[in-house]
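Features reported for this protein in Swiss-Prot:
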- 14, 15, 16, 17, 18, 19: FAD binding site (BINDING)
- 275-289: NAD(+) binding site (BINDING)
């Protein structure tokens, strides 16, 4: 007999980074939500790298925060080292990255989850998605019970039929020996959902007491910490930071790998899943880049109160005996004691082209999904999708239109658009190069781009919204003041400019023109700016960027206007592309499969040509005229 449990508005399956953001969003928007997980002890687990952020990923975390998500706040509480990457480059690619105390990160996120109204946490494995007439009605769990619900959000991570592999050893288990979920895939297949088999990997963990750090280069965090969350001030989160360390592989390391490559499951055929192109294992690096005589290896602490060190850059699935030799061949690791073996992990995920841009399945009403289940990789990509899936699930229950961020609004928009529009046969990783409008999608202005939307959704408080309005007012007023502040070509001014290493003046100018000079900073011009009032650092940053990159920003804004024209041409959901004359057969098939919401999205589909788009535009105009 089936045990009928309490009914919920929303069931979230999985309590990783995607699941937590999805569940918190739904609960905070007033919907009775339950989050089901195979292990309550591992909420927001970081099973691989011990960091949040990095190139493009830092952008995602700040966007999550700007919309009202939790990841940025949580890493600000639990970081052990913070660094702004790419500072020698332009602001478009500046990316914040923080080492996390993994255990603290889990604990703090669990505190938030357990203290959120409308949110219940329950340990159990979901084995079946229940539907009626292609509409979600509930989920069945391993214990035999059923949770009736209106919406389900699947955030299963790498746990579906997960198999961990190193050398000839393999076992069906999730990361770090956690239980895998071995029943849900069959339920999804019965619903007609197309599944993929992907693979990822992780390096060994080594006891820090066995490492000779004197042979390595110490890597410090930044003295001036930048928070991930816009609600935090730098001074509020400052703390003593822990160093990371840099070493390198060598020819001996590479010889050990080459001599044993036949024992790697990647090359023996024991691994069937497709791995991430941009996060290769060390054996992949050695095989694919034979001309490189060394590869970087970063030694990263996993927390304040553990001896485990993460060996970044050396993920592997080689046998245990080879791992010992390989790691011990690296300078500083000659006496390394492995406390956890490196391994690869295979798992089931979906073809994300079955999803709408709202992250709801096209074929099943009320079924949403987010995270690595959607074919992406990374904690940050997962959290971003989980947040958007949660927001749109809540809006569906409210009878509201979904929130779909486009490619000119956010990296989150680029991420989701790529997943649902472009075919991917490997784990998708976010990169700055994927964003066409990255100069206006900087991490420093995520709040100005997205906090209004978060406020309209209901995830941003009135106080936080007012803080944004005040910040924007200060930016505008300071820019106007600098534009109107005249500087004469006096002897004193010329001496100051000479001292700053910049060209002296021939005639008078404004402070704004001086700020525009690449070699000058706002701070350096203080001796020429007697009327300057103290301003928050975040305001000064915006003022400087707006002046220095004004021409480039305007050019990109013009490109966005052109982009918006095609995005604004909406396509009816029920359009059958088979009826569109003159469309090529491949285009008809791809368009019917993906069901793009706009002509802009249609133009980005692989196999749809510019000529097909012209045909489609003519057809849509004919439909419009008939109406």
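Cβ coordinates come from backbone N, Cα and C, glycine included.
Of the listed binding-site residues, namely 14, 16, 19, 275, the sparsest Cβ surroundings within 10 Å are found at 275.
All protein chains included, residue 277 (NAD(+) binding site) registers 13 other Cβ atoms within 10 Å of its own Cβ. Around the Cβ of residue 285 (NAD(+) binding site), a 10 Å sphere holds 18 further Cβ atoms from the protein chains shown. Across the fold, the C-alpha of residue 289 (NAD(+) binding site) and the C-alpha of residue 16 (FAD binding site) stand 34 Å from each other. Annotated pair residue 285 (NAD(+) binding site) and residue 18 (FAD binding site), C-alpha to C-alpha distance, rounded: 30 Å. Of the binding-site residues 18, 287, 18 has the largest number of other Cβ atoms within 10 Å of its own Cβ. Taking the centre of the Cβ atoms of 14, 15, 16, 17, 18, 19 as the FAD site, the nearby residues of that chain (Cβ within 8 Å, site residues left out) are 12, 20, 21, 22, 37, 44, 155, 157, 371, 382, 386. Rounded to the nearest whole angstrom, the C-alpha distance between residue 14 (FAD binding site) and residue 287 (NAD(+) binding site) is 36. There are 12 other CB atoms within 10 A of the CB of residue 289 (NAD(+) binding site), with all protein chains counted.
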